[in-house]
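A quick write-up on the structure given underneath.
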Amino acid sequence: MSKVGINGFGRIGRLVLRRLLEVKSNIDVVAINDLTSPKILAYLLKHDSNYGPFPWSVDFTEDSLIVDGKSIAVYAEKEAKNIPWKAKGAEIIVECTGFYTSAEKSQAHLDAGAKKVLISAPAGEMKTIVYKVNDDTLDGNDTIVSVASCTTNCLAPMAKALHDSFGIEVGTMTTIHAYTGTQSLVDGPRGKDLRASRAAAENIIPHTTGAAKAIGLVIPELSGKLKGHAQRVPVKTGSVTELVSILGKKVTAEEVNNALKQATTNNESFGYTDEEIVSSDIIGSHFGSVFDATQTEITAVGDLQLVKTVAWYDNEYGFVTQLIRTLEKFAKL
């Protein structure tokens, strides 16, 4: 059984623990580092506005959480290098703060006694894994790995299936993304991004995304071929990605749907639907990406075709299911 520490017990960190318990994983969470008190961490773990009550017992002491009868140490170190991971035997750290998003920064966890780090965010030019797309590139020499973003985990399976079947020449993607904790609840200053200062629950807010760029780290042959941006919208979770691409051959919508359906066969990470679902239907999905065959469109001008494909994703829970799959494989190497 591999022992794991979680750095950052926010939306993703708490769902990591929840999902590990749900799948009865051999991963054992032995320590959590977060600047919030154990009392508040226990409360937020127990009560989740998106996914409902935590199904296991939760209690706390001044320096631990007691989850399903098991004690998990809680630290409150500002600097990763000072976290006593070694004291609890934490071998792999799931980095969920959003601050240690590079190999150089995450090295601090290794210096503190851990053996490996899995970063739950894009982390620059380093090994980046989307499970069932390029997880076969993981090997025993890897010590710090990124699982990219929720949007990359949605886009990558769809882009790979299209590219494998027809070849992608160039494309642009838009994610219609649920608001997140990095946005403002009401209008107010929020760094240098003017639009980020506007109320998340009241506006459609144009936003940046690194998902298209990160595709090149996951599928090297698509490096530089995709561009993308995001529109943040007033939903709590449940997002959708639209990819418009020029392919290497002429296709019909039926051919595209058949190819994508084939790619989802026996694939725990990439799902398929031909039902007319909406964003709330994807909440709690165990897939990182769900292709929507009802939204495939082909627009032709002369010999040029624009091919629109769409995939849904739960940007919190679906992403975490992907993270856990990668974590379990990472732990075995």
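Note: Cβ is positioned from N, Cα and C throughout, glycine not excepted.
Together with Arg11, Ile12, Asp34, Lys78, Asn315, Swiss-Prot lists one candidate of Ser120, Ser146, Ser269 for binding NAD(+), that being Ser120. In Swiss-Prot, the D-glyceraldehyde 3-phosphate site is described by Ser149, Cys150, Thr151, Thr209, Gly210, Arg232, and among Thr172, Thr180, Thr252, Thr264 the residue recorded at this site is Thr180. Of the listed binding-site residues, namely Thr151, Asn315, the sparsest Cβ surroundings within 10 Å are found at Thr151. Look at Cys150 (D-glyceraldehyde 3-phosphate binding site): DSSP puts it in a helix. The subset of recorded positions (Arg11, Ile12, Asp34, Lys78, His177, Asn315) lying with their Cα within 10 Å of the Cα of Thr151 (D-glyceraldehyde 3-phosphate binding site) consists of His177, Asn315, given in sequence order. Annotation for Thr180 (D-glyceraldehyde 3-phosphate binding site): same-chain Cβ neighbours under 8 Å, separated by at least 6 residues, are Arg11, Ala200, Arg232, Asn315.
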